[in-house]
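As written in TrEMBL, here are the features:
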{"type": "ACT_SITE", "residues": "Cys427", "note": "active site, phosphocysteine intermediate"}
{"type": "BINDING", "residues": "Asn340, Lys341, Ala342, Lys343, Asn365, Ile366, Cys427, Ser428, Asp429, Gly430, Trp431, Asp432, Arg433", "note": "substrate binding site"}
{"type": "COMPBIAS", "residues": "1-47", "note": "compositional bias 'Low complexity'"}
{"type": "DOMAIN", "residues": "215-592", "note": "domain 'Myotubularin phosphatase'"}
{"type": "REGION", "residues": "1-52", "note": "region 'Disordered'"}
Amino acid sequence: MRRGHNSSGRSNTSTTINTGSNESLSSDSKSSFSKDSQGKSSTSSSSNDLTFAHGAGPQNLYSSTQAHSNIAYNAVLDRDQHTTNGAEGPSLEAGESLIRDCPEVTYVCPFTGSIKGTLYLTNYKLVFSSKDRSFDVPLGVVNRVEKVGGVSSRGENAYGIEIFCKDARNLKFAYNPENHSRREFYEDLIQYAFPISRKALPFAFSFCERFQEEGWNVYEPIAELRRMGVPNESWKITKINDKYELCDSYPAVWAIPVATEEEFIRSVCGFRSRNRLPVLSWLHPYSQASITRCSQPMVGVASKRSRDDEKYLQMILDANAQAHKLYVMDARPNANAVANKAKGGGYESEDIYQNIELVFLDIHNIHVMRDSLRKLKDECYPTIDDSKWLSATEGTRWLEHIRCILSGAIRIADKIENNKTSVLIHCSDGWDRTAQLTSLSMILLDPYYRTLKGFEVLIEKEWLSFGHKFQHRIGHCDDRHSDADRSPVFLQWIDSVYQVIVQFPYAFEFHEYFLITILDHLYSCLYGTFLYNTERERVANDLKKNTVSLWSMINSKKDMYLNPFYSHEVGANKVLLPSAAMRHLKVWKAYYCRFNQRIRAPEPDYIRYQKLQSYKAQLEKKFGEQKIEVESRNHHPLQI
């Protein structure tokens, strides 16, 4: 169990289904923040901080269910919610404190018009409360804040602030220019929404809720490798990178071919971008066909060679006795891979690497994906043109990109399961498109990853430990909203998982609310799970001690996420091969359109699922009781 905190945040597969106090940041200031830095405002009372942190203030803390249901399914935020306690102000999380309140503010709602109320700012969230409506927004969701109008502005709602969120919402609040109330609120909002830009810490370091389950124990790398049957005669577990010196963006524990030695491994690392050599992601339990991941080889325009790298790929092939060819799946379009040669990168040549087949999967880079999501959000909020919905969403190309990812994962799963061949996957640096492909193909191949815990393990392993740059891609608590490194890579993968769930609704232990909860807390910065870029940075900043894991909350409330339609017969021991045809893909309206009041369903699906799960549990209990009664009668027949 994680220790308490005070308000400053200091610690006191065989069948196939086929549908067709401030301290300086570390040297990498974009990705790191000091674990001792603090982001408190002089406007915050220290006595209040202690009261909220320790729960001494009556009615001040959320109940766990209320707080996390509110954040995780933000579609409900546009409805009336109990986010305030009357005169006492907003309800607060453990470790949260009220910074400022601003009465007589107008929320300019794009659906219902102007609503007068009080705007509250805490060190974690923004809360708007009125007689008719209340909602809150975690500050981690804020992408940028802009001032609207000036003191001399005339006209209704012409003076105020506009908040652009990472989850597609735009929120506009108007002030009365006569009292000049905007300046102080704006300055505090900037300070607490973007603490990293001010060399302070996200709220996750102050949050001190306690849960029944300890989420930091969900993933243990050696235990997961042993679940897959490693070590064995072909693969071994190594801690050669335990100090993160060989590859600072890889985990401490790897699985690599048995015959390799340390100097040989160092040589192979040197020929791969960022030293990210091929390591094992997944192993087929019967055929020993493997999924390995890495970065591009550094061949350059001179077509450089590395005998050790060529030998290493042959070792990966030899580990699978049933195959005579290794498939190299390059996630990039062919043209992009060729262009990378001018920068010193490139791809494996079939003329040089013996017994490989190179396949390009045509998944575009992070910049294309960022632009595509921006267009999709514009179509989903705040207005939707029904007459042009299909053509407009097609113009975003978002589903086309999803199709490419899904198609690539299906090809990988097919090679592994039906051809019994091993597959090596990479893109440029091996932490974006590579993670999408490895993790999605593993979901198709291994039913364990379609369970609640297995999915958490998958994220910890393929995304967090292997160095997907969450800090750069999401921009946690950073005010550089135009940073070219930002991109919805992880969101795109979650969307791809959703598309599979739609085609196989009985094969997953969880439903879409679980995915939405993960995405909401990807941005919220309430938990430490997605902070920083690499395992090395998380260890250096001691996240397991100083923050709470998202899985702690989720695993303490499993019933909220369980799929009542989950079937062990369908979900277990089955390989899924969905269709990647465009006619089978659809815009995920429950996520992208949830803030649009004009199209939202009257009741979120997850509420219906919870009711069904409750009915299912009752029926199972009744069935069990009747079964026991029947068996008892059979063993003790009545004597006549």
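Note that Cβ sites are derived from N, Cα and C of the backbone, with glycine treated the same way.
Curation plays no part in TrEMBL annotations; they are all automatic predictions.
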Fewest other C-beta atoms within 10 angstroms, as judged across Ala342, Cys427, which are the recorded positions: Ala342
Pairwise Cα distance maximum in Å, substrate-binding residues per record: Asn340, Lys341, Ala342, Lys343, Asn365, Ile366, Cys427, Ser428, Asp429, Gly430, Trp431, Asp432, Arg433: 21
Among Asn340, Asn365, the one of these binding-site residues whose Cβ has the fewest neighbouring Cβ atoms within 10 Å: Asn365
Whole-number Å value for how far the residue listed as 'active site, phosphocysteine intermediate' lies from Asn340 (substrate binding site) (Cα to Cα): 10
Length of the line joining the Cα atoms of the residue listed as 'active site, phosphocysteine intermediate' and Ala342 (substrate binding site), in Å: 16
Cβ-based isolation winner (fewest other Cβ atoms within 10 Å) among the binding-site residues Asp429, Trp431, Arg433: Asp429
